[in-house]
């Protein structure tokens, strides 16, 4: 028993838990008693450990799942007091979790309980002294609004209105971030009469951190209103946000552009959003340009089909051309990650005439990330014009990335190799790229060697065993005699990866002898990797080879002087028998 | 024994300087040149006005002085692109000269500041300094490691700030006139500027806000409330604000002037803002100013001491030793001015924490805690309460003196033990005896277990040890 061992504060809990355990709950009174006791436990617990945020967080989360433990939905309201006080805690994560749990259990309240227990709690929080409780209240309006009577609804709307003009910016931020969600549960007439004025006020708040959250709400509000009202009710605010003096707000507009575009429909898009998008692409802050550049493809895709091509060619493409030579690398790399997608929208001729020069320019960009983003999206272009158009420029770009000083860049390009090989064909590959793939095997970073090994396997799966036998296998096996033990180990790793794809013939005849020979290596790491390799390639070999060749070597390794070699040899023997 | 990621030889064609590879090293990042940026505002001034030089203020006849002053103020509302350092050099020079003249005139001549100039002056200041700060060029900007990005338009901006400061400090300055233009909205924008990455700008802002707080009484409560909001946003939302140290510095002098008894608002500020500020990741940047504010509060009203120390103990760093050292430093500053009656209220939890710090494997933490015993005032407090404190720390001191890897710590502990022994040798002896007994008993229990397992250590050995241990006296400690 916890209480007996010194910490007296836990004693009452222990008693209660013990009682609960022995209780046989049969009727209502007993259930009620049960939930009362449960409630006491929660309370004692809450009061004992009230100042450890980590514990509070766990408590806030768990209480959301306690409905059945306190006796079912009938008694769920007894969870409200501890959650209410957790919802006023300063620590944001705790508070957010408490609100999440409150939202969850609000659904388990009957409509009556919701009005008797839950709604008063929301009101108390909404009129709390300290900003934390008012912030939490913002997240609770929308969950109870749909299920309460019209008088209470009016009160809730009033509370929300008050919080939207709270004098603490933290509360206004919370209200602004829940505005869209609240608008969704309101009756249409109140969306127009209440929400629009709140939206307009928040969108012109003195703090940019509030204004930018209103942009998010704009998406939900626009979807709720009939098309004919958008122009008068939403667009003035949206136009103003797109030209806000704070870059954070403009960034938000750029970031939400696709959603906004869908929400306002094609007519407004044509008249308003196209020029706004052009401005964002030309914004003076790189952050904004990058966010807008990220949306280029999506925006173009969602333009009304009838004059999509014309809009792109006359309005968007000129801006895109400028971005290709932007001064900021994040902007260029954001663009590079989507620009290839334009080719499917614009078709073959436009791609060759207008986009290809841009692709080529980006392939020669000084920033590796830009080049990488182009290369990683080659498949889109391949579908439209075929990769051959690019191959002349592609090769120097690939070679340069393959030798980049940053190993993460090298790693990224390796990962695209199988895809590139598939698109460029075996001939081009053998001629230009094969040496690169082999050079990676002796890179000085392990992660690169590992990726290179895996890359070989994928290439063999693509080009077949015969190709492997002629081009790769001899080179890989040659490394078994390298003076550097790390290179010798790479041979083993390659064999592990390739044996299955190469098949029994190649594995038994060419690879196995090399592996067996390496069992005499003077470096223990190589020897125990021999044991591991033998275990790996075992399934590919026939039983004859296993018995006559593999087994004796493993047995010898099992008596090795190095304990790791012994261990792995033993393991291989056990697994093969 | 597994594979490694470095190789002794490599024939891969990587430039040799990059052989080690990996990430840009800190030292390299630090060596990066100072960059400068300008605010987003420039682009928004669509039509560029051509400036023409005006006559000098000092040559103007008295009757035209104010008119000319006003014209110069208007001229200085034109903004220039400083990222393009060769653009419109003539205009830039005209504005710079005009600003210089304005500064000079406000600082030296009397009777210049007449009422109609107030709106013009405030307008000129607003147009120049209020701008949305650009995004940081280095998203992981670390104020301790990285060079800040400097404001490109500083040649003009500095003069505008200088003008503002002289304006506020001028003997002619009339708060009753200024308050119509320096209003809440103005102050809010001023406070937002404290997020500037440029330390020169924050330095000016600090002095200016201090003057505004001093002269415009009606704005005081509002300024305090907005600083509160900035801090709360910093603690609980963004964890990023460049001007925390400067704002705290202003607060340090504000706290000094609080009336007694402390208002609820001020106590709330201490408990809900200043103490939680200790949780910030970037504490080291503003810790000195924060500790100063905390100590100011204590000196103002000793009854807040318990709040403060319990608060610090609640937020005591669990994994960050660098912060732990800062906390210990702050505790020492607090103990330096603590009232003995307050000390008694918190000595127990406090010395439990200090004992925990002494046993920290990080020697700087242990060392910082042990330095408390070099502080005469703290030593006198400890001596007065030796009966309570010594039992709290004794076991730790004894154990760490035997175990700590760092010799400096071991010798510091010996000194502390010696001090205790001199303070109260009776208590010290009792504790020594009772500490050794349980230690011996533990050994005895462990031994009985091994006996049961059949290892056959003679039980007499343990008994002998027990006997030996209890006969030990503290003198052996210093042999």
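Glycine too: its Cβ is placed from the backbone N, Cα and C atoms.
The feature domain 'Phosphatase 2A Regulatory Subunit A helical' is assigned by TrEMBL to A:79-260. Averaged across the domain 'Phosphatase 2A Regulatory Subunit A helical' (A:79-260), pLDDT for the predicted model comes to 90.
TrEMBL lists A:79-117 (among others) with the feature repeat 'HEAT'. With a cut-off of 8 Å between Cβ atoms, the residues of this chain six or more beyond the repeat 'HEAT' (A:79-117) that come close are 42-43, 46, 53, 56-57, 59-61, 63-64, 66-67, 70, 73, 124-125, 128, 130, 132-133, 135-136, 139-140, 143-144, 147-149, 152.
Sequence annotations record features per position, and here TrEMBL assigns repeat 'HEAT' to A:156-194 (among others). Among residues of the same chain six or more beyond the repeat 'HEAT' (A:156-194), those with a C-beta under 8 A of the stretch's C-beta atoms are 119, 122-123, 126-127, 131, 134-139, 141-142, 144-146, 148, 201-202, 205, 207, 209-210, 213-214, 216-221, 224-225, 229, 233.
For A:195-233 (among others), the entry in TrEMBL reads repeat 'HEAT'. Residues 160-161, 164-165, 169, 172-173, 175-177, 179-184, 186, 188, 240-241, 244, 246, 248-249, 251-253, 256, 259-260, 263-265, 267-268 of the same chain sit 6 or more residues outside the repeat 'HEAT' (A:195-233) yet have a Cβ under 8 Å from a Cβ within it.
Across the repeat 'HEAT' (A:234-272), the DSSP tally of helix, strand and coil residues reads 33 helix, 0 strand, 6 coil. For A:234-272 (among others), the entry in TrEMBL reads repeat 'HEAT'.
Residues 239, 242-243, 247, 250-251, 253-255, 257-258, 260-262, 264, 266, 316, 319-320, 322-323, 326-328, 330-331, 334-335, 337-339, 341-342, 345-346, 350 of the same chain, all 6+ positions outside the repeat 'HEAT' (A:273-310), place their C-beta atoms under 8 angstroms from a C-beta of that stretch. Feature annotation from TrEMBL assigns repeat 'HEAT' to A:273-310 (among others).
If you look up TrEMBL, you'll see A:316-354 (among others) marked as repeat 'HEAT'. Within its own chain, the repeat 'HEAT' (A:316-354) has Cβ neighbours under 8 Å at 274, 277-278, 281-282, 286-287, 289-291, 293-301, 308-309, 361-362, 365, 367, 369-371, 373-374, 376-378, 380-381, 383-385, 389, counting only residues six or more beyond its boundaries.
Marked as repeat 'HEAT' by TrEMBL: A:355-393 (among others). Here the repeat 'HEAT' (A:355-393) has long-range neighbours at 320-321, 324-325, 329, 332-333, 335-344, 346-348, 400-401, 404, 406, 409, 412-413, 416, 419-420, 423-424, 428, meaning same-chain residues at least 6 beyond its ends whose C-beta is under 8 angstroms from one of its own.
Helix, strand and coil counts from DSSP across the repeat 'HEAT' (A:394-432) read 34 helix, 0 strand, 5 coil. If you look up TrEMBL, you'll see A:394-432 (among others) marked as repeat 'HEAT'.
TrEMBL lists A:472-510 (among others) with the feature repeat 'HEAT'. Only residues 6 or more beyond the boundaries of the repeat 'HEAT' (A:472-510), in the same chain, are considered here, and those with a CB under 8 A from a CB of the stretch are 438, 441-442, 449-450, 453-454, 456-457, 459-461, 465, 517-518, 521, 523, 525-526, 529-530, 532-533, 536-537, 540-542, 545.
Sequence-distant neighbours of the repeat 'HEAT' (A:511-549) (same chain, 6+ residues past either end, Cβ-Cβ under 8 Å): 473, 477, 480, 485, 488-489, 491-493, 495-496, 498-500, 502-504, 556-557, 560, 562, 564-565, 567-569, 571-572, 575-576. What TrEMBL lists as repeat 'HEAT' is A:511-549 (among others).
The annotation repeat 'HEAT' is assigned in TrEMBL to A:550-577 (among others). Same-chain residues lying 6+ beyond the ends of the repeat 'HEAT' (A:550-577) with a Cβ under 8 Å from its Cβ atoms: 512, 516, 519, 524, 527-532, 534-535, 538, 541.
The helix, strand and coil residue counts that DSSP assigns across the repeat 'HEAT' (A:273-310) are 30 helix, 0 strand, 8 coil. Here the repeat 'HEAT' (A:79-117) is broken down by DSSP into helix, strand and coil counts: 30 helix, 0 strand, 9 coil.
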